[in-house]
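Visitor: Annotated domain 'Acyl-CoA dehydrogenase/oxidase N-terminal' per TrEMBL: 34-146, in sequence order. Positions annotated as domain 'Acyl-CoA oxidase/dehydrogenase middle' by TrEMBL: 150-236. The annotation domain 'Acyl-CoA dehydrogenase/oxidase C-terminal' is assigned in TrEMBL to 254-387.
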Amino acid sequence: MARNKTVGTDCFGESALLAWAKIPECAHVDFSLTDEQVLLRESVGKYIQDAGGVERHRKLAVTEIGFDPAAWATFAELGWLALPFSEEQGGLGGSVTDLMVLSEALGRGLVREPYLHTAVTCGGLLAAFASEEQKQLYLPPLINGEAQWAFAFAEQSGGYAWDKITTSAGGELASLFLNGAKITALNAQIADHFLVTAMVDHELALLLVDGDSPGITRTCFTAVDGSKGAHLEFDAVAATLVCKLTVNELESALAPALIAIGGESLGAMQVLLEATVEYCKTREQFGQPIGKFQALQHRMADMYLKIEETRSLLYYAAILTDEGDDQAAAARAGMKVKLAEAGRFISHEAVQLHGGIGMTDELIVGHLFKRLLLLSKLFGDGDYHMERYLAQRAA
C-alpha cells in the first residue's frame with residue numbers, strides 16, 4: 001500500500017489549492033506504520049468485528065444516551081482512553097499518529113461511544129491547559145471511564161469563529177458565573193462536566209463547568225448520524241477558569257481531535273468502498289454482475305483514488321503534528337478540506353451504486369454517509385479550513 005513506502009507527490013492529487021503537499025519535503029516522509037501501530041489496528045479491528053456492526057449501531061441510536069456504557073468501560077480496560085495522555089498524566093504516552101490509527105479502526109465499525117468527544121477533545125484540552133491540580137482531579141476519572149465530558153463551543157450566530165462568541169463569565173476569577181447559550185454540544189446529553197468557551201474580561205477563555213450545577217438547561221437532540229447531544233443554556237452558572245488563551249492556542253490544542261476526525265473518516269470511507277465493490281459483484285443486471293461494467297469499475301476506481309489522496313494528507317498531517325512542524329497547521333487544514341471533498345464524493349457514489357437500498361437502515365452505507373457528513377462539519381467545514389489553509393500559507 002502507498003503508506004508502506006516513501007510516498008512521492010503524485011499521491012496527493014492534482015488540486016491546485018492543495019499544492020502545499022507537493023513541496024520537496026513531502027516526498028521524503030515515511031508513511032509506514034510501526035509494528036505496535038499495526039498491532040493496535042488489528043486489536044481494535046478484532047473488537048469492532050465482534051461488536052455487532054450496523055445492528056448494534058441501530059439499537060444504540062434509539063437509546064437515551066446513544067452508546068453502551070459497558071463498551072465504554074471496555075475502552076478503558078483496553079487502554080484506549082489512556083492512549084492520548086502522557087505517562088505523567090496516567091496515560092500510555094501515545095502519539096497523534098497512534099491516535100489516528102485507533103480512530104481509523106473505530107471508524108470502520110461505526111462506533112457510537114464518545115471517544116472523540118470525551119477522551120480526545122476534552123481530554124486533550126485538559127492536558128494542554130488545565131492546572132496540575134485540575135489534572136489530578138479530572139483526568140483519572142476520565143481515563144478510567146468513570147466520567148463523560150462535552151466541549152461546548154458553538155453558538156447560534158458564531159459560525160466556526162472561535163472569537164465571535166457572546167457567552168461570557170463575570171465576577172472574580174476565582175468564582176466566575178457563566179451566562180449564555182451553546183448549541184449542538186455533542187455528548188452533552190450525559191456529560192458530567194463541560195468545557196466551555198466564553199469571554200472573560202473581553203478575552204477568550206476556557207471554562208470548566210460541572211454538569212449538575214444549578215442554572216444549566218439541557219435541550220437534548222439527535223444529530224443527523226444518530227449521535228446524541230444537547231443545546232445548553234447557562235444562567236449564572238458557577239464556572240472555574242481553566243485558562244485564558246488565543247485562537248491559535250486553542251486550535252493547536254484541538255489538533256489531535258482533527259487528526260482523530262480524519263482517521264475515523266478514513267475508516268468509514270474504506271468501508272463504503274468495500275461494501276460498494278462487494279455489492280457490485282453480486283448485483284446482476286443484463287445477466288451479469290454490474291461490477292463487470294467498465295463505467296462502474298471506473299467509478300469505484302475513482303473512489304479508491306479519493307481514499308488514497310485522503311490517506312496521504314492525513315498521515316502527512318499526523319506526522320507533522322507529532323513533530324511540531326511549522327507546516328502542521330496548514331497540513332491539518334488541507335487534510336480537512338480533502339476530507340470534506342472525498343467524504344462527499346465517496347458517500348454519494350456508494351449510495352448511487354447501491355441504488356435505492358443505499359439509504360435504508362438495514363445497510364451500513366447510509367449510516368456511514370451520515371457519519372461522514374457530521375465529521376466533515378465538526379470543528380469547521382471545508383470552506384472554513386480552506387480559508388485557514390490559505391492564511392497559514394500566506395503567513
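Backbone N, Cα and C define each Cβ position, glycine as well.
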Visitor: May I have the DSSP-based helix, strand and coil counts for the residues of the domain 'Acyl-CoA oxidase/dehydrogenase middle' (150-236)?
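Guide: Helix/strand/coil tally for the domain 'Acyl-CoA oxidase/dehydrogenase middle' (150-236): 0 helix, 52 strand, 35 coil.
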Visitor: Taking only the residues in the domain 'Acyl-CoA dehydrogenase/oxidase N-terminal' (34-146), give me the average pLDDT of this model.
Guide: 94
Visitor: Per DSSP, how many helix, strand and coil residues does the domain 'Acyl-CoA dehydrogenase/oxidase C-terminal' (254-387) have?
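Guide: Helix, strand and coil residues of the domain 'Acyl-CoA dehydrogenase/oxidase C-terminal' (254-387) number 113 helix, 4 strand, 17 coil.
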Visitor: What are the DSSP helix, strand and coil residue counts for the domain 'Acyl-CoA dehydrogenase/oxidase N-terminal' (34-146)?
Guide: 78 helix, 0 strand, 35 coil
